[in-house]
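Engineer: For reference, the structure I am asking about is given below.
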Amino acid sequence: MSAGARIWALHLAALALLAAGGVLLPAYHLTNFAKVMVLATYAMGYNIAFGYTGLLSLGHALFFGAGLYGAGMLVQHAGAAAGPAAIAGLLAGGAMAGVVGLLALRTQGVAFMIVTLMFAQAGYLTILYNTAWTRGDEGIVIAREARVLLGFDLSADLPRYFAAFALFAAGLVLKLWLVRSPSGRVMIALRENEERSRMLGYDPYARKLAALVISGLYAGAAGAAYGLLFGYVGASLASTQYSILPLLWVLLGGAGTVLGPFVGALLMFYLIDYSSAVTTASLLVVGVALVLLVLFAPKGILGTLRERWLKWLP
Amino acid sequence: MSFGPFLLLALMEGMVTSAVLALAAVGLSLVFGIMRVVNVAHGEFFMLGAVSAWFVSQWVPGPPVVGFAAALILCPLFVGAIAALADMTVLKRLNYEPEATIVATIGLLYILQQAALSLYGPDARPVPAPFNLRVQLPWFGYSGYKIAVVAASAVVLLGVWRLLAKSRVGLVMRATQYDRETARAFGINVDRVYAGVFALGGGLAALAAVLIVPIQQAHYLMGTDPLLLSFIVVIIGGLGSLRGTVIAALLIGLSDGVISTFFAPTLAKIVATLAVALVLVFRPQGLFGRRAL
């Protein structure tokens with residue numbers, strides 16, 4: 001089997017397993033997996049910026065929030081249907097990433113992290129400030145009647161699972177294609193050595209901006225899907241914590257691996273889910289996981305697997 | 001009350017904010033200047049200072065002033081010890097690699113926040129002020145304690161400046177900041193300097209919190225605002241510049257007092273965070289600093 005065929009076979013098999021899960025999983029896990037797939041789509045977008053292009057952003061909640069509120073406010077205030085609202089959310093995430101990127105990409109390293117953090121904080125405060133539109137702290141609850149896509153009721157377990165699956169599958173296939181394409185190679189080159197890529201004739205600013213916009217489109221789509229599938233659009237989903245979580249998932253699963261964000265999101269979700277049965281200290285789990293990861297496994301699960309055994313893993 | 005005295009009140013409130021902010025921000029700035037570490041857990045050191053002050057005030061018998069004095073000494077030491085421990089067990093092992101340290105301090109933030117929530121609880125609790133003195137101005141009465149906070153902050157800042165500029169300890173710190181390898185070659189124990197600086201930074205945040213806690217109650221989530229404001233101050237003032245940090249703290253504290261009094265506090269924060277992002281983009285060395293981030 002050629003390398004390309006092997007890679008596609010692995011990822012399509014993973015998708016087939018998830019599709020089968022829709023039929024096999026009990027109701028409780030069905031909802032959990034739907035949530036994990038939406039959040040993993042968000043994390044895949046984060047991974048395109050952080051894992052592949054080397055842009056450590058601490059402000060992705062702004063793009064997730066743009067998708068969330070872009071879709072949610074359109075449904076709430078303009079009575080839009082779920083389909084157009086989801087597309088609006090996708091575009092809002094990409095547009096927000098474009099605007100932030102234009103400014104923030106003038107900086108590098110630590111300054112880039114702080115600039116993105118500050119923009120996201122300003123966005124979060126703006127959501128709290130404009131209570132008339134966003135309902136502030138309370139958030140918007142999207143009515144069941146508005147959550148219908150192509151005739152399927154997204155608030156029911158099975159359609160919700162497969163809507164999340166469709167989003168995740170599209171994101172995964174697109175990402176796999178992207179990182180194996182010549183543009184994806186340039187992104188990795190920028191991460192490894194920006195000066196050398198510049199010398200080879202690539203424009204780092206434009207390439208990074210493109211990566212950030214793609215990342216923002218993923219985050220926007222995931223945000224819109226989150227609002228439409230779970231019916232809640234709230235400011236807490238645009239807070240700093242939602243910038244940190246995708247970083248955590250990507251680090252856990254493996255930065256710069258295609259399946260890593262899903263593995264990380266899934267493990268972290270169930271780790272918190274099970275530990276919350278024992279203790280209420282879910283923040284502690286997040287904190288300890290972050291510290292242990294950077295100390296002992298900076299490459300994450302799939303990153304370590306790739307280093308040791310599976311050199312071909314994309 | 002007419003506009004003049006109202007503005008004076010806003011400015012006096014702003015001075016108190018500035019005084020506390022300057023202490024916290026100088027701690028953050030020292031850590032960045034000498035260790036090149038962006039400490040995202042700095043706000044939690046502030047929170048720990050306030051929360052531990054509440055515990056001390058509960059344990060120490062006698063009039064409030066005794067408990068407060070004890071807190072003023074014990075809390076910065078306690079928080080400094082935790083900071084030094086975090087430096088030695090985590091940051092040092094990461095070799096102070098910038099991105100890894102940021103992720104690690106984010107982890108530390110969550111750990112400390114959860115520890116406070118579990119051990120101290122979700123309630124906001126007051127710590128009694130050491131004295132109740134009312135200074136009567138022609139237009140309104142003002143808390144004497146708040147004026148004392150401003151004075152105490154000024155004394156501590158002066159002390160930090162003397163420590164850095166005039167003492168042997170400060171010389172060693174500056175040498176480490178200037179060139180870590182050469183400092184090591186001259187027999188300076190760089191590891192110990194780093195642990196000490198991290199402890200000093202945490203201790204300053206804790207001290208600021210002990211001073212403010214009789215005015216503002218202790219709460220496990222209280223670290224977020226000081227963290228963001230300290231970042232804002234440190235970036236506008238120029239990273240690693242002590243003088244710039246103090247000037248920026250005055251600027252931010254006073255404008256925060258005025259905007260919060262006359263407009264909405266949330267609006268003040270939106271303006272400040274956006275200002276910082278733009279300062280970093282267009283003038284990365286800050287308004288007073290010489291070195292870029």
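Cβ coordinates are placed from backbone N, Cα and C, and glycine is handled just like the others.
As listed in TrEMBL for this protein:
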| type | residues | note |
| --- | --- | --- |
| TRANSMEM | B:6-32 | transmembrane segment |
| TRANSMEM | B:44-60 | transmembrane segment |
| TRANSMEM | B:66-88 | transmembrane segment |
| TRANSMEM | B:100-120 | transmembrane segment |
| TRANSMEM | B:140-164 | transmembrane segment |
| TRANSMEM | B:193-215 | transmembrane segment |
| TRANSMEM | B:227-254 | transmembrane segment |
| TRANSMEM | B:261-282 | transmembrane segment |
Engineer: With the transmembrane segment (B:227-254) as the reference, which stretch in B:66-88, B:100-120, B:140-164, B:193-215 has the largest tally of C-beta pairs below 8 Å?
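Structural biologist: Comparing B:66-88, B:100-120, B:140-164, B:193-215 against the transmembrane segment (B:227-254), the winner is B:140-164.
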Engineer: If we skip the immediate neighbours and take only residues 6+ beyond the ends of the transmembrane segment (B:44-60), which ones have a Cβ under 8 Å from one of its Cβ atoms?
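Structural biologist: For the transmembrane segment (B:44-60), the list is 24, 27, 66-68, 70-71, 74-76, 78-79, 82-83, 108-109, 112-113, 116, 120, 125, 127-128, 201-202, 205-210, 212-213, 216, 218-223, 226-227.
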Engineer: Checking distant contacts: for the transmembrane segment (B:193-215), what same-chain residues at least six beyond its ends satisfy Cβ-Cβ under 8 A?
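Structural biologist: Same-chain contacts beyond the ends: 16, 19-21, 23-24, 26-28, 30-31, 34-35, 37, 39, 42-43, 45-50, 52-54, 68, 71-72, 75-84, 86-88, 91-92, 96, 126-130, 143, 145-146, 149, 152-153, 156, 160, 169, 172-173, 176, 183, 222, 226, 230.
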Engineer: Under 8 angstroms, Cβ to Cβ: which one of B:100-120, B:140-164, B:261-282 has the largest number of such pairs with the transmembrane segment (B:6-32)?
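Structural biologist: Out of the listed stretches, B:140-164 contacts the transmembrane segment (B:6-32) most.
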Engineer: Same-chain Cβ contacts of the transmembrane segment (B:261-282) under 8 Å, 6 or more residues past its ends?
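Structural biologist: Distal contacts: 6, 9-10, 13, 228-229, 231-232, 235-236, 252, 255, 293.
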